[in-house]
Amino acid sequence: MTTIGIDDMALATAHHVVDLADLAAAAGVDPAKYRVGLGQDRFAFPAPDEDVVTMGAAAALPIVERHGAAGIRTLLFATESGVDQSKSAGLFVHGLLGLPPQMRVVELKQACYGGTAALQAAIGIVSRNPSERVLVVASDVARYELDSPGEPTQGAGAVAMLVAADPRLVEIEPVSGLSSAHVDDFWRPNDSSTAVVDGALSMSAYLSALTSAWDDFAAHGGAGIDEIDRFAFHQPFTKMARKALRRLATHTGAALDDVLQEATFAYNRELGNTYAASLYAGIAALLDGDDDLADRRIGLFSYGSGAVGELFTGVVRPGYDRVLRPGAVPDALAARVPLGLAEYRALHAVQHPSDVDLTTPSVTKAPFRFAGLRGRARQYERTA
Ligand code: HMG
């Protein structure tokens, strides 16, 4: 049987970083509430010339440079912070990367679940024709109102994945446990740049989706709980993954203390919530960690408010470590430019009306930038 999964993956983030210790000091909150209570240290914040397109293209660039575009006939772009109501953000990325015209390019949305929807659709395409490869890009900017409980869980980042037959990083196994329910836990109305959220409901909806997806996974012959070596969860903040593991342990009666490695938190603690990319940033961190994961099975839980959950598994391929890019993500995180609280609050307030031509200042050091608006159309350019 053809194995299909993640052949390569890369992560990009935004130009700026906000330290949660600064946010706590300004809000008069004990910094331990964010560091320990939420499990977050900092969040990435975009410069005015960055968005989901520039981060997504930056994440995909090293993959296209390494593998070329041959056989890539589909680009799936998952986001819930898209830049246009009609045109796929993927088409901007397609142009910026100089990909061939003989491709289908689509944007997918279901809150933070979109990245997994794209991955599973990609697997379907490759299973029909194993000579094809699919470029999946999950990219998001998480924004909440200033001074709201959600503010310390903001973030920004993108993960790009090449999905192919006989993958070199992680084979995705065929069984998935699914759960969908209509819940008003978190959403973003069309006229708002920030999400509306019922925090307590969002956490209980996440945990309900987890147990319901687990039951469906078990009913469809998925791996037993004792056959799963590690877990990686969607991480709106890393403490949520701890809550998820605890709930799964209670639900299955298994002692799961060893399976959630701190390693899955390393990038998310620094990025903040990257919505559709968050689970995949957790997987990237796990693979980049010190543990030898060859032939290990990872349980994966993807959740998108509203609400859809999917529980599935991946098996890490022998030799995966030769595909990784050692130091790439820590370097990108370290290169971010800190924002003081006043600068951050001023940037947070910036909104670009779409009916006024605009030239954005050159700030980002990323390979692509949002150059502005011309006749209501978004303009992007390569920086180097
Ligand atoms: P809050 O009300 O400010 O926080 O908002 P809290 O009072 O509940 O405290 C948070 C934790 O800090 C608690 O830990 C406190 O005990 C602890 P817990 O009891 O839950 O384990 N704490 C402290 N710890 C150490 N030292 C201290 C201290 N003080 C308190 N001094 C909330 C928290 C998550 C609700 C808020 O940040 C929020 O609304 N975030 C956005 C929504 C969210 O992330 N929901 C998660 C599930 S939904 C999801 O994952 C989907 C999503 O990614 C969107 C999508 O799908 O597109 C969000």
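Note that Cβ sites are derived from N, Cα and C of the backbone, with glycine treated the same way.
Values in this document were obtained by computation on a predicted structure and should not be read as measured data.
TrEMBL annotates ASP30, LYS243, ASN273 as (3S)-3-hydroxy-3-methylglutaryl-CoA-binding residues; of TYR144, TYR380, the candidate listed for that same site is TYR144. On the backbone, the CA of ASN273 ((3S)-3-hydroxy-3-methylglutaryl-CoA binding site) and the CA of CYS112 (active site, acyl-thioester intermediate) stand 9 Å apart. Among the residues the record lists as binding (3S)-3-hydroxy-3-methylglutaryl-CoA, namely ASP30, TYR144, LYS243, ASN273, the two farthest apart have Cα atoms separated by 22 Å.
The shortest Cα-Cα distance between HIS234 (active site, proton donor/acceptor) and any of the recorded positions ASP30, GLU80, CYS112, TYR144, LYS243 is the one to CYS112. Of the listed recorded positions, namely ASP30, GLU80, the sparsest CB environment within 10 A is found at ASP30.
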